[in-house]
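One structure below.
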Amino acid sequence: MVHAECVWWLGIRILFVPPVSLEMHSVNVNNMSIQQQQQHQPQQQLLKPIRLANVSTQAQSLDTLHYKCQQEGPCMEQACLASVIYAGVNLKPRVRPKEELLAHAKDFLDQYFASIRRLQSPAHEARWAQVEKEVAATGTYELTETELVYGAKLAWRNAPRCIGRIQWAKLQVFDCRQVTTTSGMFEALCNHIKYSTNKGNIRSAITIFPHRTDGKHDFRIWNKQLISYAGHKSKDGTVIGDPACVEFTEICIKLGWKGKGTMFDVLPLVLSANGEDPDYFDLPPELVFEVPLSHPKYKWFSELGLKWFALPAVSGMMFDCGGLQFTAAPFNGWYMNSEIGSRNLGDTNRYNMLEKIAQKMELDTRTPVTLWKDLAMVEANVAVLHSFQLHNVTIVDHHSAAESFMKHLENEQRLRGGCPADWVWIVPPISGSATPVFFQEMANYFLYPGYIYQEDAWKCHEWKEIDVKHGLKKEKRKFHFKQIARAVKFTSKLFGSALSKRIKATILFATETGKSEMYARKLGDIFSHAFHSQVLSMEDYDMSKIEHEALLLVVASTFGNGDPPENGQGFAQSLYTIKMDENGLPNGHTNNTLASSASFIKANSQTDRQASLERCDSFRGSTGDADVFGPLSNVRFAVFALGSSAYPNFCAFGSYVDNLLGELGGERLVKLTTGDEMCGQAQACNKWAPEVFSVACDTFCLDSDETFLEATQMLHSEAVTASTVRFVESATQDLCKALSHLHNKKVWKCPLLGKRNLHGKGSTRATLLLEIERNENISYQPGDHVGVLACNRKELVEGIISHLESAIDPDKSVQLQILKENTTPDGIVRNWIPHDRLPTCSLRTMLTRFLDITTPPSPNLLQFFASCATNSEDQEKLTELATDSAAYEDWRYWKYPNLLEVLEEFPSVRVLPALLIAQLTPLQPRFYSISSAPSLYANQIHLTVAVVQYCTQDGKGPIHYGVASNYLYDVTIGDSIYLFTRSAPNFHLPKSDTAPIIMVGPGTGIAPFRGFWQHRLAQRSLNGPGKFGKMSLFFGCRLRNLDLYQEEKESMLKEGILSKVFLALSREPSIPKTYVQDLLRVECKSVYIQIVQEGGHFYVCGDCTMAEHVFRTLRQIIQDQGNMTDHQVDNFMLAMRDENRYHEDIFGITLRTAEVHNRSRESARIRMASQSQP
């Protein structure tokens, strides 16, 4: 028989039929697909929505969430049992059979994958198959860490008796499922208490120990709360202390504990692991934060000698998740004042202080009509609130708690269609009808996962050693915290670090050149000393896990003029989607192109809502305001942003990530830190890394003194030494595969078909048109890029080889190997492993194709060179450059030396080949806009490349060659070029052929536009004249004879492909200096009509400075021609981005001009100085 469930409100009983319990209707779900199992579910045709009213406001809602109820309600048809504490709950230990376990697991996994929008996905199916396999083999299974965190939060969200659930997502989960002993449990619980107490700024947390297997190896915490006061019962029946703890106090005494016999003796922790008999552990006094109670008005209140502990941590309940029963899973929130003032101190079966307080107040306690109990209770609550706030301890008053719960009900009704709530427990024990929850009808039902009552451990424990006289285990040796810590420290290094390793630190990077990855991996090494750290590229990160991260560190560079790197675009879009979901917008509303566009990121990098939390923000007052909590409210984060101040939108992507993480509720550990490529980037990271490590250790209450010293040494220590790196002979790898592995791209080998200088054979300048054979598997669209994998110059490679110490054959194929140490239960194990990125090839090939030898060495590499120098002057100079940021930047700017020039400047530096190779960074691809259209040149890819050569030291230094442009200049027809393509979706042609197009591209910025007009030509040839929108080109160069593709442009004008071509000449004699933005101003009316009135598209390609000037010019044109205010024109420009009508393809400084570099370096120095100030 299925009993009716009850909705209870002021004695009114509303019945409904619950769904069939999973326990009652277990089916064999083995070997079923998810779809088959859904068809197998019992029909729930009798279910109807529950109408719930608010008697005060007359508002009504329909609860449908109860359809998912999986447990019979406590009420009978003849009686309502809503006020019975354990009604309908089986407290006895029970092991679920496989079929029932699988049914629960199936339900939970459905909920989990639905929450991450992957219900019935291949990942869901694979996970379910894995669980089925585990259960079939072992009778149980393991939740993943992310599933566990999700389940713990959802269980709090489902708890019908909790009034503070609005903060359900802000729960720190300590995964302690690997603990096997009571001492390990005690260490974890001490960490939990320390973390959650947080010097009074209470934080919600749960610690989860191994789940039940066969019922004979349970882990249990015998205390009902982690911190509680003893109840000492005298022979006359009176109790000193807390009467609620008398029975458990006697258990502790029989185990050997001895209290002091005061009203507030803190009970020890009694713990049993793996079904063994319990041990007890005294909590160290410094771990238990107690608040002495005083009153703001009555001075005598403090004379009562009352106090209470700050942390309410429930430890006797069972966490039931996915069919797994976690019998030891203590959790905490923070106190509501009435829990202490009304219940703990006021209840007659607790401290029963109301009469004493009333007598002190000189109230007449002989008759209830004086309301002395009510008055005394109010003042007790006043004292509790006053005392907690006086000592800066988090607490919430019952009015604020009730208001927050009403907000939570509203949220849940919108998000889930209902909210389980037990009216008897939700309504505060004081001022009930003065709170809004009193008037709200509620539906009480139970959802999984959840927190469930279970039988007291001492009532069901099977003792291994029996003391016949007392019926308990013989007296145990008492364990002190210091003894445990000492034993852990000296007996097992692995176990000693296990506690900190339970806290995961996820480090994400987004990079184009590899610098962000390098800094991120160094950060990972530092955090591995105290956390379980993992380093991932943003594109490899599973965004479904972000809500459940405890610690998130981001190292992000900015690409171009504010864009994310290619491997960060998906992350940017996902963050934006979360933000839109939080704002209640439908999923289809989000614009992924907008989310990763430069203008959008620039705008969002300059805003910061007050709702985002700093670490120093306090919740010590009333915490009922839910507005500051977002979907990432449980995430602590810090961001290090890399960029170049040569670009106007400096570090825009890192700022964007920092702001969005904050706006989504994340807690910022330290303020955004930037590293400027123009000055002191490595130094900025070296300053930021130890700071964020120290703050993180403090946040998670990890002892960081000794660990901090070990970790920060990683910043200054050599990653490899002569004894930890070596070359071994090995067969050569395929070059194409090796390059693909290094760059994590599909690399193609493509022959060069043709090459010519667009300025003519006699010109002193060279801008090349390269025609490359296109592999049939390469696909691209006009506007996309090619990444060219160039070779370093032969003379550089030869020179470096001549400076190496060893006489290794540079043409023999070798493999670089690193000696790695791994700590195992058997001790430290050392193994030689291949370098994770470099291939097996010759030393010459490594220096030619795989390693960067032209970028000035970093301070870390110079410090390494100092250790290799035999001349004291070389050592001193190199050490100065490595440690003095200003000296390094001046040296770097003036000489911009390549590796060979450094070795020549410091000739006493002699380096082992393997050691040098291990220190160098990868040679990065050089990107070029494709200058052709596949619709016109089906088997070719064209590139437009300006050959870069310059002299350092104001033109008086040695000549330097651009790596890729000079490689392409030297390559001969028929030789193979290794390359890959990169999509540029924000720079593709409009979907509508009729939309006007304005193209602005001085110099080689014309490259992608050649592909545009070729595509339009092919379209017209294939489809006929048709109706095409105008296509106008604004091109600029220094002199008329440097006009690129002049004849081709004239031909396109005659063909009607190009509507107009405008030429700006900046150095032509006898005419005024003119730039492309000047011509835009001349054509302002036409530009306005095409862009604003006709909905045209605007494309800009070139260096970042030009692009910023063009953007400002277009903005001014639209404002002037449209008579717009600043606010209106800014909104219009952002709307163009939103509609993907403003397109930028931006690259950095083309030549190292003194004007640009001096300005950028000066701004970088000012920024560094400001960041170093406290």
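Backbone N, Cα and C define each Cβ position, glycine as well.
For Asn344 (L-arginine binding site), the Cβ neighbour count at a 10 Å cut-off comes to 21, with all displayed protein chains included. Under the heading L-arginine binding site, Swiss-Prot lists Gln225, Trp334, Tyr335, Glu339, Asn344.
Residues or ranges marked as domain 'Flavodoxin-like' in Swiss-Prot (evidence: sequence analysis): 505-693.
Among the features that Swiss-Prot reports, domain 'FAD-binding FR-type' is placed at 745-990, with the record citing sequence analysis.
Swiss-Prot lists 475-495 with the feature region 'Calmodulin-binding'. Within the model, the region 'Calmodulin-binding' (475-495) carries an average pLDDT of 45.
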For L-arginine, what surrounds Gln225, Trp334, Tyr335, Glu339, Asn344 with a Cβ no more than 8 Å from their Cβ centroid? Trp308, Pro312, Met336, Ile340
Taking the Cβ of Glu339 (L-arginine binding site) as the centre, count every other Cβ atom within 10 Å, in any protein chain shown. 22
Show which residues of the chain containing Tyr335 (L-arginine binding site), separated from it by at least 6 in sequence, have their CB under 8 Å from its CB. Ala310, Pro312, Val384, Phe388, Thr394, Ile395, Val396
Largest C-alpha distance in Å for the L-arginine site residues Gln225, Trp334, Tyr335, Glu339, Asn344, as a whole number, is 15
With every protein chain in view, what's the tally of Cβ atoms within 10 Å of the Cβ of Trp334 (L-arginine binding site), excluding that atom itself? 24
In the three-state DSSP scheme, Glu339 (L-arginine binding site) belongs to helix
Take the Cβ of Gln225 (L-arginine binding site) and count every other Cβ within 10 Å, whichever protein chain it belongs to. 19
